[in-house]
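Visitor: Marked as compositional bias 'Basic and acidic residues' by TrEMBL: 553-565, 609-624. What TrEMBL lists as domain 'RRM' is 46-124. Among the features that TrEMBL reports, domain 'Fe2OG dioxygenase' is placed at 222-342. Residues or ranges marked as region 'Disordered' in TrEMBL: 532-565, 609-677.
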Amino acid sequence: MDASVENNVKTVRRSKEDKKVIRKQLKASHTLLKHEGISTAPQPTKSLVVANGGLGNGVSREELSAALKQIGEVDKLIMHPHKPYAFVTYRSEESARKAHIHLNGEKLQCGENSVTLYLSYVDSVTCEEEASVSLPEGLVLVQDFVSSEEEALLLAAIDWSPTNTDVTAQKALKHRRVKHYGFEFRYDNNNVDKDKPLPAGIPQECLPVLERCVEKKHIDIMPDQLTVNQYESGQGIPPHVDTHSAFEDTIMSLSLGAKTVMEFRHPDGRLVAVVLPERSLLVMKGESRFLWTHGITPRKFDMVPACDPQSPGDMTADPGTHSNLTLSKRGTRTSLTFRKIRHEPCCCAFPSACDSQGAPPSPSPPSPPSLPCCHADAALLEEQYVHRVYDAIASHFSSTRHSPWPRVCLFLSSLPPGSVLADVGCGNGKYLGVNPDLIAVGCDRSSALVQICAERGFQAFVSDALSVPLRTASCDACISIAVIHHLSTQERRKAAMQELVRLLKPGGRALIYVWAFEQEYNKQRSKYLKDQNKEHPENPNPTENPPEQSQEPQEKLSIHNSSHSEDNYRTVENNQHVNDGKLSVHTNRTAFETKDLLVPWHLKDGKKRVEVESGEGGKKDRQKEKSKKTSRPKTTLDCNPAASPGFDSNMLSDTRDATHSSKPSLGGDTCQTSSSALKLESESIPAPIFHRYYHVFQQGELEQLCAQEAGVTVQSSYHDQGNWCVILEKDLGR
């Protein structure tokens, strides 16, 4: 029988379940090619890519390895950080064939969750290697510094009962428990009241450990202050530097109960993630103590080097490669931080970060901008409060913009096959593929969003909405979805509309969406307001980012961002303009009180992606970020992303606390943005906040704008979930 005929017969005989698995396996292959550039092989090989079987899906090396080894002898298993797939190479092609047959479509139980694996052959697997990264200068990690018996004794010595809170200054912070011995660290001024020692000194059970620290030269003098922090899984500490004037040089931290990953960041952006095993002692001196911030990203799982089965205590297996990472679920960790109170001013070698040597205070809150009075002012305002913003938030923004709006789809579907469509301000390109019968091209001022379009296989280029480099009368249709409301003067909004008309052929049509001042229309409230009132009818959260189904379609457009925190602007009651003519900052999920304003975008880091303000209809999508490279010298992991330009240095951390509880995801958050080493806060780490300029349109305003252009007819106008919309047609005589 001919091979192709035989294959067809086999296909017919396959069960419905088999066909379903094959369809999903093919879909997974296409997804890997489209988003990751991974080409699968049509013929069997020794190597396979395992879709859904990666660290980014919450699958640990141990769980996946156990399933793969049931099939045959595994030569190599590579799991890249944050990726939802893995590569496996078997010793024989026969074993790979069996894995492809028996594991495709099988569920793998990973803790409380399960994932379905889809395997495809690949011709080759490469393992990227990187140079080892050194620990920060002055940082020493000593593993197994205390025994299991000493660990149990120390944990028992920490009395968490509320009866002695005055003696030990016990605090119940928002997301963790903390106790102070010897002296209380005050979170209101990030310092210690040196004239008021606590009745309870350092517990006697700690003294043998501290004596050993002195004997081993880890510290020169006995500490007199102890801070005990207890973290449940999912909790952490914001990046910070312990106040110079409060404590002497050496700081020691003993980890008990569970291991974690602590991240150290240099002011120049370098970041080193250090695995802290249980019962290990971390010693910070010199540069690592005075200059580098240190913190713990709040999460339930850490990516750590897998232990060598031959040496279970070794955290450095296969250093310098990406292939030997696994997931480590966090448990309850108790840290004992020992410090010596400083009684003289600090004279360290890092005056730029030293409060004793006149380090500059945190910058004063920036003044919000005014409405522009000329073309140059308008261009500058849009550059700072639109263009830079979208470049900075592009990845997060794109993850919330995936479901096209129905009435936009209806317009696109009404166009004849072969029509040329220009999406001016295309964002992540979600409308470019709605009607495959069109010749669609997009443009956007944000190069980061245009890059996302390219990765999705769409034709797009970088361009300002005021000057699109396409021939006059070259398009059958144009769409401008959530673009014109980002222009800050009437003249510039009119120019953007005229540019759309210029692109149209005579008889061509354009669809325009802008955000509406009226969020309640025909006795119906938009979801932008409605969702909040359902969830928080009496106490709305002004900083909550609205879900995607809120009123504004897909903000995208021309323009770059500013790094201003919402807290840095004066809040104006009822969102009215301030007396000096400055723009006000809008409170998300509330009605508009003024037409020109700044709207906050709360950038959510890593894997925990919550709703965002002014969204667009559809389900939320998981953030798909490019993974950050990870390498390990001695017990370390490293990554070095650029610090977020939207993270304001006024909003910094403290030795104390942060929140977020989530499983690992494709986005991951091995690296976390940090900022000023001096300013500390006592509760939670803030997310970066950006502000985007908007002019929200009142009823009739968009039609009036179109009417100013001769040779244009407004075919229809309507209100769509908090947006004013028009469909206009270019007259045949033009």
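From the backbone N, Cα and C atoms, a Cβ is placed for every residue, glycine too.
Just so you know, TrEMBL annotations never went through curation; they're auto-generated.
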Visitor: Could you give me three numbers for the domain 'Fe2OG dioxygenase' (222-342), the DSSP helix, strand and coil residue counts?
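Guide: Breakdown, helix to coil: 5 helix, 60 strand, 56 coil.
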Visitor: Take the domain 'Fe2OG dioxygenase' (222-342) and average the pLDDT across it for me.
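Guide: The average pLDDT of the model in the domain 'Fe2OG dioxygenase' (222-342) works out to 84.
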Visitor: Can you count helix, strand and coil residues in the domain 'RRM' (46-124) using DSSP?
Guide: 22 helix, 29 strand, 28 coil
